[in-house]
Structure formats: C-alpha cells, structure tokens
Amino acid sequence: MLSELIREAPFGQVVRWVTKNKYFQYPEEKPDFQCPLSYNCNNGDEKHHLHQHQSRQSHKSARAVRNGDDVEKQEERPLAGDSGNAPSTVGEARLSNVDNLEPSLEKLDTRSSDDSVTADVERTGTLGLQRTQTLPYTNERLAIEHELAVEKTKSRPIMPAVTADGTILVDWYNTDDPANPQNWSPRKKLAVAFLIDVYTFVVYAGSAIYVSSEGLIMERFGVGPFKASLGLALYVLGYGLGPLIWSPMSEIPAFGRNVPYVVSFALYVILCVPTSLVDNLGGLVFLRFLLGFFGSPCLASGGASMGDMYSLLYLPYSVAFWVSAAFAAPALGPLLSGYAVVAENWRWSQWEVLWMSAPVFILFFFFLPETFAPNILLRRAARLRKLTGNEKIRSQTEIDRKGISFGHVLTEAIIKPIEICIKDPAVLFVNVYTALTYGIYYSFFEVFPLVYPPLYGFNVGETGTVFVCIVIGCVIAMTIYFSYLHFYLIPDIMKNGLRAQESRLVPALFACFGPPVGLFLFGWTARESVHWIVSVIGITIYATSVYILLQCIFVYVPMSYPQYAASLFAGNDFCRSLFAFGAILFSRPMFINLGIGKGCSLLGGLSVMGIIGMWLLYYAGAKLRARSKFAI
C-alpha cells in the first residue's frame, strides 16, 4: 500500500516524530493489533520458555510425521552458520539440529555487520539471508534461500530466539512478513531499485557534466587547463573519500540506509546552488569536492540496498543495472551540458546538476523506504517494548553492538582494507587493476578535446556526443553479461550448486583483452586520415570489456572475502577514485607531450599487465585464498 511505503520513507518518519506517532502508525501501535504470544508476556520468562519449547516440540512432531527418515538424515548433518558451540554428545547434536532446523528455514538473520555472536544466545542455526553484512556466497545459503522461498508462500509464524537471561530477540512475525524487504512485491522492489539507480546516475553524471565548461572557466578566471580540470578531479576524489565514512555508517542499525542517503543528498542538492553562483575558482573547486563527497552514499551503499531486497541467485541482475547507471552516467555528462554552456555560460552545467538532483531528492524523501533489516527490527523492538512493557524484548543488533562505538567501526573500515591490501596479493591486484581501468576511463574526458575538435572539427556539443559510445558499450556488455547469467550461470548453479569462486572470473578471462585492444585502436587511428568512427569503435571496445571485468571482479571479492567485503569495497572505491583523480590531472600533459598514439600505447601496455594478472588470479586464486587469513 502507498501509505505503508510513505510511512517507511523519510517523510513518513518525520511526520511520525512531529506528531508523536499519531499518523502513519505501525501495526503494533493500532488498537486492533494482536501481539504474538511469544512477545506478549510482561517479564514472564518461564512462560515464554515453556511456550517456545512446546512450539518447537510441535514442529518436531509434525515434521517427523511429514518427513519420516528425512528428519534423521538432517539430524546428522551440521547446519550452515552453526559452527560454534557444538554439542558435546551425539544425542545433544541430534536434539540441537532438529530444534534448529525449522528456524533456519523460516527466519532471516538480523545480526549486525560485525557478525558477533553472543555466548548466551540460544543457537537458532540461522544462516544470514538478509544483507545485514556482506554474506558468504555458499551452497548452504543458496539451499536455504530456496527453502525459504517455499516457506514464504505458507505464511508460517516465526518463533523468536531467547537468551539465557530471558531476553527475547525480535524477528519477523511470519515467513511472509511484509515488513521484510525480501518479501516485498516485485513491483515495489523494482520501484526502490529504480530510485537508487536514478540517484546514482545523477551523482555520477554530475562529475563529468563539468567537462563542457572547462574552456569557458579558463576564459572567465584566466587559468590554464590544469587548474580548470580541478573541478572534475576534486569531485571524483570526493566521492572516493565519502564511502570510507558513509559505508560503515549505513551498516549501523540506528542509522540504516536512509539516514546517510537522505541527509547527504539533501546537502548535495543545497550545495548545487552556491556551486552555480560562486564567482571565484577556489570556491568553485572546493564546492565541487563537497558535492562529490556528499553524493557518494550511492556508491557506498547502492549495492548493499540491492542485496537487502534481492536473493542471492538474482542479485546480479539488480546490481548490474546499478553499476550501469554509475558506469554510463559520466559518459552522458558532457552531452547533457555541451550545447547549453555554449548557448548560455559555464554556470549552466552546474544548474543542470540541481535540476536533475532536486526532483530525485523529492522522490527519495517521500517514497524511499528503509531496506536495512536490522534497522527495521530495531524499531520494531522499541514498539513491542512500549506495547508490552517488557524491557527484555530486544533486537539482535542491540546485543551485538553493545559497547561498540561509531569511531571504532569507522577506524576498522579505514584500517582493515589497507591491511588486507598489503598482506593479500589478490586484493592488491584487484585494487590496482580496477584503479587503472577507472583512471583510463576518466582520462578520456581530457583526451577527447585534444582529438575531435582539432582533428575532425567537432564543437563542444559534438565532442560530448562522442561519449555516447561508452553508453553503447555498456549496453552491449549488459547484453553479453545477462546472457551469460541467464543461459549458463544460473542453470549451472541450479544444477550443480556454487562452484569455486574463480569460476566467476571466466568472462573476465576474455574481457581482459578488450582494454589494450580498444586503447591501441583509439590511439593509432585518431588522425585526420582515418574516419573518426574507427577511433570511436576503439573506445566502445574498451567500455564493453571494462564493464564485464568490473562485474566479475565485484562478484569475486565478496565471494572470497565475505567478512571484509564492505571494507574492501570502500577501499577499492577509494583506490579507483584516487587514481582517477590523478589521471584527470596528468593525462592531458601526457598526451600533449607523448602524442595520442604513444600515450594510449603506454596505457594499453599497462593494461596488458592486467591480462597476465587476471589469468594468474584464475589459476592461482585458490592457492592464494588458502594462504590468506582473510579469505575463505
């Protein structure tokens, strides 16, 4: 319902706070709400334990009748995610496994990103299916997601876990609880994913939309190309630094996804106004840096929001569209502003950022629901405490994060990627290779003006049109990658289960040849004697292959380093943006001094090293993971 969507959105939460929960009420706040028996006890711990024990016994009896010998087989098999606190005897193991099997198929994990385990919590054998942290891509998770999909259709109640001191851990009420983002309708998921994709597109387009103004900025402020390009370079640096803060913040249940999204995006929209009006170069480039910094939550948490809603098997589709928005948007930036700045002035490129971002922020404010399960359950626990008067009703994250400060989380998020990058050669290669490809991408914004206006007579608007070839390459790559998913990967997973992580690098083994081929083709055909379309084809090949490479790498990292994936992605974002920042500044002098052909040959030669590294990672990845204390 629309009212439920608005209630979870920032607007609904503000209205609830102002009116003291009079409007947009949750079910627990309505007079006709029937509280589940397991929560409706005022400090009646013994009563709750008895009720839970009886419920489990009834589950066991029913399942024994339905499944017969299957129960015995499942009793002998350890549960995924239940590695700790193993029973000491065979009899205890059987009893534990039978008790724990039912919740493992019914409930979603609500642990925090630290994945800590409280010793006095009754083990429920639950495998984390919710994206409360980056979870392992395992056959166990895949099997339980499949079982869970069946359970959702039955609307079966979920019994909450209880700690040794009687604390009740809040969970979803039933297997098809509409509050669980994994249970949302396909239309609602699509609408939320579309909002995040558009948000990502606007922020990334805001980086390169500045490129068309550089010539006019040089005239207006009397500076050279290097200083004029700082407006683009510092924006890119800003959204490389941002994820180091916004990413760990979005994993804290008290904040969730929406607080970093909406607060930072509001500041982004507000800063667009002074950026468009400022009349000195220092103020302009500083404001551009702030725009990049406050726009970066789309980069920090966009993929996590997709993981909150979509299951493991089909998550790559939603992530691919989100990556496409980030990958294609900078290419369209010069096209969006190219003709306007010529017809009006350099400020129009910045006004266009405001015109794009303000409507998206309004949609965000009114219609973007919270997707982070721990945040949803944290607020549910507070409502249940108020309803029942039972102060022992808590969410799992309230226990897990007790005594953990945001400063500790932030420090860990900054230090851990550096440590892993130094100690793990696979992560070092991934960071260096993706940084190189990303930096080369942003060097195009400096080399295109050296090629198409002087050699082919293109004006500013027409030069911006050339960037459309990157969008075409993105569309071609999506077609190839989706075909790979649909016709090969998903059927193979359904038939054989998940293979070793290195199997996800197979498309990259072919795509890694694309960057050097595209760069050499562009560099040595960018001359008056060769039609301009040939060099454009080279850039299209580069864009197509890099998109596939990034998709493969961004799947390989969380599969191999699930415990540290969020930190690694933030670190990788920083490495990519830092090199892109440098590439924007050094690429123009490099191409002027070496020439277009030799400059592209240098970058293409570096890309050849990526071919060697990718094949080594494919064949030696398993050995590297075995020696790494960070990988699985």
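Glycine is no exception: its Cβ is also placed from the backbone N, Cα and C atoms.
Pulled from TrEMBL:
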- 46-119: region 'Disordered' (REGION)
- 49-63: compositional bias 'Basic residues' (COMPBIAS)
- 66-79: compositional bias 'Basic and acidic residues' (COMPBIAS)
- 104-114: compositional bias 'Basic and acidic residues' (COMPBIAS)
- 190-210: transmembrane segment (TRANSMEM)
- 230-247: transmembrane segment (TRANSMEM)
- 259-277: transmembrane segment (TRANSMEM)
- 283-300: transmembrane segment (TRANSMEM)
- 312-333: transmembrane segment (TRANSMEM)
- 353-378: transmembrane segment (TRANSMEM)
- 426-444: transmembrane segment (TRANSMEM)
- 464-484: transmembrane segment (TRANSMEM)
- 505-526: transmembrane segment (TRANSMEM)
- 532-557: transmembrane segment (TRANSMEM)
- 578-596: transmembrane segment (TRANSMEM)
- 602-620: transmembrane segment (TRANSMEM)
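The stretches the transmembrane segment (464-484) and the transmembrane segment (578-596) do not meet in space: the count of Cβ pairs below 8 angstroms, excluding pairs fewer than 6 apart in sequence, stays at fewer than three. For the transmembrane segment (602-620), the list of distant contacts is 426, 429-430, 433, 436-437, 440, 443, 502, 505-506, 508-509, 512-513, 515-516, 519-520, 523, 549, 590, 594: same-chain residues at least six beyond its ends, Cβ to Cβ under 8 Å. Of the two recorded stretches, the transmembrane segment (578-596) lies close to the transmembrane segment (426-444), with three or more CB pairs under 8 Å once pairs fewer than 6 apart in sequence are set aside. Beyond the ends of the transmembrane segment (259-277), by six or more residues, the same chain brings 10, 199, 203, 242, 246, 249-250, 283-284, 287-288, 290-291, 294-298, 300-301, 347, 350-351, 353-354, 357-358, 360-361, 364-365, 368 to within a C-beta distance below 8 angstroms of the stretch. Residues 137, 141-142, 145, 189, 193, 196-198, 200-211, 298-299, 302-303, 306, 441-442, 445, 467-471, 474, 478, 481-482, 485, 490, 493-494, 543, 547, 550-551, 554-555 of the same chain, all 6+ positions outside the transmembrane segment (312-333), place their C-beta atoms under 8 angstroms from a C-beta of that stretch. The transmembrane segment (426-444) and the transmembrane segment (532-557) are in contact, since at least 3 Cβ pairs between them lie under 8 Å (pairs 6 or more apart in sequence).
Sequence-distant contacts of the transmembrane segment (353-378) (same chain, six or more residues past either end, CB-CB distance under 8 Å): 5-6, 8-11, 108, 110-112, 130-132, 170-172, 179-181, 191-192, 195, 198-199, 202-203, 205-206, 209, 250, 253-258, 261-262, 265-266, 268-269, 272-273, 275-276, 291, 304-305, 308-309, 395-398.
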